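Taken from Swiss-Prot, the feature active site, proton acceptor covers E255. Summarising the annotation, Swiss-Prot assigns Zn(2+) 1 binding site to H254, H258, H264. Annotated Zn(2+) 2 binding site per Swiss-Prot: C265, C270, C289, C292, in sequence order, evidence recorded as similarity to another entry.
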Amino acid sequence: MQVLRHSEHTLKTALLSKNPVLVSQYEKLDAGEQRLMNEAFQPRSNLFEPITVHSQSDWISSHPEAPQDFEQFFSDRYRKAPCPKKHIIYIQSIGSLGNTRVISEEYIKWLKGYCEAFFYGLKVKFLEPVSVSETKCSFRVNEHTQNLQIHTGHILAFLKKNKPEDAFCIVGITMIDLYPRDSWNFVFGQASLSSGVGIFSFARYGKDFYTSKYEGNVTSLQLTSPTDYSIFDNYYIPEITSVLLLRSCKTLTHEIGHILGLRHCQWLACLMQGSNHLEESDRRPLNVCPICLRKLQSAIGFNIVERYRALVKWIDDESCNESGATPKSSSEHAHLPKPVEAFKDWREWLMRCIALLEK
């Protein structure tokens, strides 16, 4: 394992900038907000840790990228920020998200609430669900994993065409696996920053995807026609566990972060780190580092302690059931408890941040 540890000077410059105007902006922040963000360059911080690289297959090793500091983010003339006329994050579900209508609806509410807390100050709305056939996307059976996949480029085109006028962005979510081109095995998600659209799949976040017990396998023989979407009827949907909900929240906020102009983080352990595989994605924290937090705050304009309190409230609202998973059928509960036990460590982290902000 390799630990990527930057110097105090490097991290401080990445956060504050060398530009006197941006430094002055930073110095005008609330004292508590400065205290929290200054943790970025504290060697013994117990809130923000260095990035660890565990193998050559990790993102940083296999996808070399130039880092983006706050000044580069702020001065990016191609970056799009929310404005009064375009200030809503729209989420479009594609295909069923749960095994019943009730489960799908509750899952959507949980994701909406999380996004509203994470991007505190922006509105989040869900569009009416659409079927795979309505997108007219290409699809295939993955020759390695034998599961159905839909084409990201075609989905992005569909989303762009149906993007509401007041949308800052529109993101599609699905429980069906994705592929961007024939030569690729899969992709967790894909976004177009210039168009403000993205598509993300949670198919691989189920507990059985990488096991022999996975129930979503099909054969190429079942594909009667490249336009026969009936193969998606009653297609396997993973159970909404607490871990799947956490992974979904991570992916959704990571990708919307990209649409807001945040590139992959290479400063500290951060939600905005790139990930090549599920194990690496699971290592990423739910929180953004101080450098990326300043970027988000600059783009949206939230009060940090209010944002953290909103995230704690999302976790606390509706305690989860003991099993940490949604019921198998809608008849078990008319109103499903939110499975949040996987978020408990993060809640403790948020409370430590709030204490520091209010010190």
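For all residues, glycine too, the Cβ spot is worked out from N, Cα and C.
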Quick check for the class: what is the C-alpha distance, in angstrom and rounded, between C292 (Zn(2+) 2 binding site) and H264 (Zn(2+) 1 binding site)? 10
Please name which of the recorded positions listed here, H254, E255, H258, is nearest in space to C289 (Zn(2+) 2 binding site), Cα against Cα. H254
Site of maximum Cβ density within 10 Å, from binding-site residues H254, H258, H264: H254
Cβ neighbour count within 10 Å of C292 (Zn(2+) 2 binding site): 26
Those same-chain residues, other than H254, H258, H264, found with Cβ within 8 Å of the centroid of the Zn(2+) 1-site Cβ atoms are E255, G257, L262, R263, C265, M272, Q273, G274
The rounded CA-CA distance in Å from the residue listed as 'active site, proton acceptor' to C265 (Zn(2+) 2 binding site) is 13
Neighbours of the Zn(2+) 2 site C265, C270, C289, C292: Cβ within 8 Å of the Cβ centroid, same chain, sequence order. L262, W267, L268, A269, L271, M272, Q273, V288, P290, I291, L293
